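K.L.:
I'd like to ask you about the structure that follows.
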């Protein structure tokens, strides 16, 4: 009997620890969805490679994420949808085409991609529960981002998108 009480106590402690954000993580609210992630860790990895990645970007006059109003003035209810789209976009399109000859850069990209994959899964669960509804405005904003991306060749578009990661991270950190 005492063993079963100890087991229940350990099980409940384990569940509580799994629900708590890990060190360095912060909980971000995207409309009705909450996601724990370490933007500091992602930003640190990006900062380490930013100059190298941006130097590889041959087109300085075009932006994928900064197109006028792409991420500006997104309504609170649309934040979940556009964030879900953006994390899918980075995992499914950008990181797959960002390979360099430098193993250090590739490891940093891989680390950032793993962080994005984790957030993508969390947002996907929220989306599957119909908490993350997409309105016309968020769909239009994401279509513009895709059009900007698809207007370039795959490698250039991926490098440019990775080089603009600070725009996305700033937007996430400013989320209400």
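Glycine too: its Cβ is placed from the backbone N, Cα and C atoms.
Features from TrEMBL:
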{"type": "DISULFID", "residues": "33-126", "note": "disulfide bond"}
{"type": "DISULFID", "residues": "80-132", "note": "disulfide bond"}
{"type": "DISULFID", "residues": "81-134", "note": "disulfide bond"}
{"type": "SIGNAL", "residues": "1-24", "note": "signal peptide"}
K.L.:
Nearest to residue 134 (disulfide bond) by Cα distance: which of the disulfide-bonded residues 33, 80, 126 is it?
P.N.:
80
K.L.:
Starting from each candidate's C-beta and looking 10 angstroms out, tell me which of the disulfide-bonded residues 80, 126, 134 has the most other C-beta atoms.
P.N.:
80
K.L.:
Taking Cα atoms as reference points, which of the disulfide-bonded residues 33, 126, 132 is nearest to residue 81 (disulfide bond)?
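P.N.:
Minimum Cα distance from residue 81 (disulfide bond) across 33, 126, 132 lands on 132.
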K.L.:
Restricting to the same chain and to sequence separations of six or more, state which residues have a Cβ under 8 Å from that of residue 33 (disulfide bond).
P.N.:
80, 122, 123, 126, 127, 131, 132
K.L.:
Near the Cβ of residue 132 (disulfide bond), how many other Cβ atoms are there if near means within 10 Å?
P.N.:
25
K.L.:
Measure the Cβ-based neighbour count of residue 81 (disulfide bond), defined as the other Cβ atoms within 10 Å of its Cβ.
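P.N.:
Summing over all protein chains shown, residue 81 (disulfide bond) has 25 other Cβ atoms within 10 Å.
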